[in-house]
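Data first, discussion second: the structure below is written as structure tokens.
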């Protein structure tokens, strides 16, 4: 059997149609019938588009045939319908056939059903398209491709959104436009590409520039893309704008930093943290100033280093933490130690610090140095004490002055009354005597002279008494230990004549043996009191009792008589100088005796008073300090 | 012409003599009593005399009840009787002290007790002023 063209035509596995020069089908092989479903005789004499997509298009058909004739080959792809109406993707390849005289004999058309191949291709396309659309639609990420040189070849909406460039503006431009001037100087874009190429990908966070020139904090992933032949075909670049997150972090960081620097820089308060065990984990300027330790000195140490030894031995630091843990807070003032060992008076507040879950994370300790305040408080106290003392001294001086003043006043009254009186009397009698002489009444002279002399004598006595009285307040007190009986004995001795004359009975019952005081003045005191007891009688024999005893640490003397007594309204008046209750004719005297007694007692820091029941005699009481 | 009923309290007899002489000589005063101190005056007043004085002229410095005691006592027992205090003292504080204690007024004694005329004229003037004519 010889291989001839007919046999080839009949058995060729691809569908073949033979067309005449006008394009009408003359015949087709079995393979073609298998593809189209049409038998040879069904389609002979029909144009090829009869087995097309159902839409007869002679114009297009003529064009295709002309193209084939011109180029000697023309391939078309498209949907065609089988005889049964089913669709297939056909590749139709036209070749013109020429006869021996180079005239067009017709066309040979090769028909292939490539539906399966086409479907695969379409699927792939659709998948790619989906990814593309997806990438392009992403707004939160800028995702684009770079060619191996770094020029932008794709763009997405995220890129527009983040970088500010529209797709048309950025395609074809080098990705270095996204970098800051400083990065460009460093030649960073090129370095980054190199790193991505070497390591497969490169990621970083850093500042990038938007189209409008503003900066944003970018998270960038640059990935090198290699073909299946391992050739670099470009890079993908995914960029995220983290400025927002960064802002929050920055705000947090700044806020923390502010607080930290605030705490660190506070100079007047020592503020530091302890861990749960009491070890120091932070330190500030105030703590450094107050305690003298630098942060390096103390971080990690137990805070008990600030306590005096006795506090440590008493377990005070640990106890304070215990209180702070139990009650949330411990506060006190006390002595603490500086680095150099000197003490300072501290106000301390320890506060338990808990984390978000409520677990104890440590303690904050705020320490203030109150030493200066304490010192100034103390100084204030001292100066206040001093002033109080001064005020007291002033008040004493004032009292003394006012008593001196009242003495002066009294003296004025004495001079103006008591001393002036006898002078006036003398003067008056002299004038009277002058009148008598003028009137030649010499017999009247004698009584006037007598009264004048009496007045002069009275004046003399007054001056003597006044001098005596003022002597007591002026001369210094000769304080010494005195035998009480001796003092009283001397007073009695001085009154010997009066006692004998009145036949008085004086009983002394001294329960106190010794007393401290001025001998002369105390003798004068008892002498005056006894003399009064002898003088103010109702004609009865004087009976006087002098007793003494200790009472509340003081000495009480009582001089009691059986005399005329003193009416209640006069009990105080009797101590006034020159005060007299009786006419001189009745009970002679000058009104000085009891005033002297009062003065002596007061100079011995004691008190004197009289008690009396009418007609039952009088009792003079004296209270003197023992020493 | 108005005459005032008067009592004199003065411890010095000579003084009292010249004082009462001048008062009588003026004819402006009717002297109801003369006393050596406050005690004697009080005694007399307690005895309810037929006539009470309109005013009392009292020395200050006296044994027993002195002038201040008299002023003090009459303030409660006889508030209607005006007490005029007198003394050799010419110190301002004495006058103030007397008036504070309740005396109607104070007149200093003359330099010598034999010349009481001016004193009496002053007392009358004051009596008229306080007690009416």
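Even glycines carry a Cβ here, placed using N, Cα and C.
According to TrEMBL, the coiled coil annotation covers A:373-407. Listed as Cβ neighbours of the coiled coil (A:373-407) (distance under 8 Å, sequence separation of 6 or more from its ends, same chain) are residues 345, 473.
Annotation comment: TrEMBL describes A:8-72 (among others) as domain 'PAS'. For the domain 'PAS' (A:8-72), the mean pLDDT of the prediction comes to 86.
Among the features that TrEMBL reports, domain 'PAC' is placed at A:74-126 (among others).
Annotation source TrEMBL lists domain 'PAS' at A:127-194 (among others).
The domain 'PAC' feature in TrEMBL is assigned to A:202-254 (among others).
Taken from TrEMBL, the feature domain 'PAS' applies to A:255-310 (among others).
Look at TrEMBL and you will find A:330-382 (among others) tagged as domain 'PAC'.
Marked as domain 'Histidine kinase' by TrEMBL: A:414-627.
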Counts by DSSP class (helix H/G/I, strand E/B, coil) across the domain 'PAS' (A:255-310): 28 helix, 9 strand, 19 coil
Counts of helix, strand and coil residues, the domain 'PAC' (A:202-254), according to DSSP: 12 helix, 30 strand, 11 coil
